[in-house]
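Reading through the structure tokens given below for one structure.
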Amino acid sequence: MDAPDRPGAPALQAVLFDLDGTLVDSAPDLAGALNDLRAELGLAPLAQALLRPYVGTGARGMLERGLGLRPQDADFVARRDRFLDLYEARMLWLTGLFPGIQAVLDGLAAAGLPWGVVTNKATRFAEPLVRGLALMPAPGVLVCGDTTPHAKPHPEPLWHAARQLGVSPAQVLYVGDDLRDVQAGRAAGMATVAALWGYLGDGEPPVAWGADALVDSPQALASWLGIA
């Protein structure tokens, strides 16, 4: 399959996705776990809208936004571990695919393009989440934050995924909603798409990330790929 809008680029042979904020909307359960922790500490809940932009920053970002804690604080590790336990207990309560993602996966299957997931989420959470969502067609590869010695923005997780799929990195597209996703994809020699429907955070605007394309919805991604 030709890669749209990349004249002279190798034919696209696979598509890789980030997980949280790209394929799945996990913000309700991550925010819920943070508010469960706040409740244990006698604090009032925070609106999901306040926490949503920090979902992509992991436990560290969520604890900083939700409790004002930083890694150097004495109780950070204990609060982090409790937050992760609370999240693990509820991570499939409200989490699901973003609207339109299933159509993208169906389109990839119809086009004969394998797909996979490369996430910084630890295997402890990513594997049961992907399994619990019963994604169909199933991903051809799942690379978690602890699968290789490095996490994104290092390119090794993406290289590992390409090796598992048996394709050249130059023939792979990586889709993600965070600057680190684009940095990792570019370092791996892959084309990159910034998923503007994701969490994005409050750092550099996506237009400055250097992605090959910015798409504002899964439907727009399907059109960009020519599988709509």
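Just so it is clear, glycine is given a Cβ too, placed from its N, Cα and C backbone atoms.
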Listed co-binder of Mg(2+) (same site as Asp18, Asp20, source TrEMBL) among Asp177, Asp202, Asp212, Asp216: Asp177
Between Asp18 (active site, nucleophile) and Asp177 (Mg(2+) binding site): CA-CA distance (Å): 7
Secondary-structure category, per DSSP, in which Asp20 (Mg(2+) binding site) falls: strand
Additional residues surrounding Mg(2+), by Cβ distance to the Asp18, Asp20, Asp177 centre under 8 Å: Phe17, Leu19, Gly21, Thr22, Leu23, Gly56, Thr119, Gly176, Asp178, Asp181, Ala195, Gly198, Tyr199
